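*Asks:* My questions all concern the structure below.
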Amino acid sequence: MAKTVAYFYDPDVGNFHYGAGHPMKPHRLALTHSLVLHYGLYKKMIVFKPYQASQHDMCRFHSEDYIDFLQRVSPTNMQGFTKSLNAFNVGDDCPVFPGLFEFCSRYTGASLQGATQLNNKICDIAINWAGGLHHAKKFEASGFCYVNDIVIGILELLKYHPRVLYIDIDIHHGDGVQEAFYLTDRVMTVSFHKYGNYFFPGTGDMYEVGAESGRYYCLNVPLRDGIDDQSYKHLFQPVISQVVDFYQPTCIVLQCGADSLGCDRLGCFNLSIRGHGECVEYVKSFNIPLLVLGGGGYTVRNVARCWTYETSLLVEEAISEELPYSEYFEYFAPDFTLHPDVSTRIENQNSRQYLDQIRQTIFENLKMLNHAPSVQIHDVPADLLTYDRTDEADAEERGPEENYSRPEAPNEFYDGDHDNDKESDVEI
């Protein structure tokens with residue numbers, strides 16, 4: 001039975017710019033939406049122009065001082081904020097750029113609205129490719145992330161859902177989400193990521209399992225360089241199957257960071273777009289309400305391909321291998337296909353023995369779980385949001401240029417030899 005899918009897209013979210021040479025490119029969201037539009041996938045979803053999160057919404061997780069700082073700081077006044085910039089870890093990886101707070105408000109509002117719609121059973125699946133910024137902490141920015149829309153979305157889901165499962169397939173450990181829910185059994189966090197050799201953020205060892213009420217409700221799958229589709233699937237499907245069976249979540253949040261693909265500028269895995277998509281399809285197969293978010297992904301053309309393909313899987317619509325013509329068509333040269341070869345020469349350092357050892361440790365930890373912990377009945381606060389559906393029936397009639405504008409920064413896609421990549425001095 002086909003699911004009702006809600007899709008959140010803000011036409012301005014792709015126009016923000018972290019700065020020259022910065023690997024995080026919000027422009028990838030405009031490319032993704034353009035493909036979703038030109039493949040006709042929007043016809044299979046309810047399309048919303050999302051709510052913009054307020055300071056109050058953000059302070060459901062973050063400290064007031066930190067959010068107040070994000071709202072006030074700008075490139076023109078940042079000299080007066082030296083102490084705060086250091087205190088809140090804003091600077092190199094997380095620069096101050098024009099419209100910073102507005103950018104956070106837009107991607108966070110979409111995740112929050114997605115959670116509210118799932119709570120109110122308006123949809124079965126909610127998609128916000130602009131969200132998934134999993135490194136942000138209560139008191140500080142981290143790893144290109146300022147406001148943790150995932151934590152804020154999960155807090156909204158917890159008003160109605162006794163147990164929320166969070167799954168993270170970004171190449172980086174979902175440290176901000178893990179930290180937020182480390183002491184509770186209401187949220188189980190499961191992160192598959194590269195671990196070791198000082199890889200950012202340096203957390204996510206198998207032995208980080210949660211504490212107090214949350215002991216064993218935190219699960220980490222530390223992987224080595226070069227993991228391919230087959231090895232990843234060998235771990236992902238049995239682990240997620242067991243977790244769902246033991247924990248019995250009433251809602252799932254899936255962070256789909258695309259930096260776990262081969263050929264990512266900051267990544268060292270070897271997943272194909274199909275292999276990445278298979279994880280999304282597998283999570284969908286449990287038929288549990290699902291909030292799907294973006295995350296990392298720094299080879300822009302492949303991020304757009306990946307999230308478009310995953311949108312097609314979520315709406316159960318087969319799409320052609322040849323990309324439809326769009327105003328961004330030249331970005332997808334030379335092949336102009338949905339599934340180019342993204343494999344690299346990086347050797348798969350995840351031996352069968354290593355993967356089996358991880359599996360065994362994880363399954364032993366899962367046996368320690370209290371099956372499906374229950375929650376006392378409580379009063380549910382009123383929803384923070386009232387919102388209007390964007391009637392997208394006229395999307396075909398509008399010219400593509402009316403749907404999104406190109407970013408002002410000419411170097412948004414590639415900055416040449418000075419661009420930061422994995423050899424650079426910016427630690428990712």
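Placement of Cβ uses the backbone N, Cα and C atoms for every residue, glycine included.
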*Asks:* So Swiss-Prot lists His17, Gly21, Lys25 for 1D-myo-inositol 1,4,5,6-tetrakisphosphate; which of Arg215, Arg224, Arg265 goes with them?
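*Replies:* Given His17, Gly21, Lys25 bind 1D-myo-inositol 1,4,5,6-tetrakisphosphate in Swiss-Prot, the matching entry from Arg215, Arg224, Arg265 is Arg265.
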*Asks:* From the candidates Asp92, Asp93, Asp259, give the one listed by Swiss-Prot for the same Zn(2+) site as Asp170, His172.
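*Replies:* As annotated by Swiss-Prot, Asp170, His172 share the Zn(2+) site with Asp259, chosen from Asp92, Asp93, Asp259.
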*Asks:* Do any of His135, Asp170, His172, Asp259 (recorded positions) have a CA within 10 A of Arg265 (1D-myo-inositol 1,4,5,6-tetrakisphosphate binding site), and if so which?
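*Replies:* Hits: Asp259.
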*Asks:* According to DSSP, collapsed to three classes, what secondary structure does Gly21 (1D-myo-inositol 1,4,5,6-tetrakisphosphate binding site) have?
*Replies:* coil
*Asks:* Around the Zn(2+) site formed by Asp170, His172, Asp259, which additional residues qualify by having Cβ within 8 Å of the site's Cβ center?
*Replies:* Ile171, His193, Gly257, Ser260, Leu266, Gly267, Gly295, Gly296, Gly297
*Asks:* Which has the fewest other Cβ atoms within 10 Å: Lys25, His172, the binding-site residues listed?
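*Replies:* So among Lys25, His172, the binding-site residues given, the one with the fewest Cβ atoms within 10 Å is Lys25.
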*Asks:* Using a 10 Å cut-off on Cβ-Cβ distances across all protein chains shown, tell me which of the recorded positions (His17, His135) has the largest neighbour count.
*Replies:* His135
*Asks:* Looking at the recorded positions His135, Asp170, His172, Asp259, which has the shortest Cα distance to Gly21 (1D-myo-inositol 1,4,5,6-tetrakisphosphate binding site)?
*Replies:* Asp259
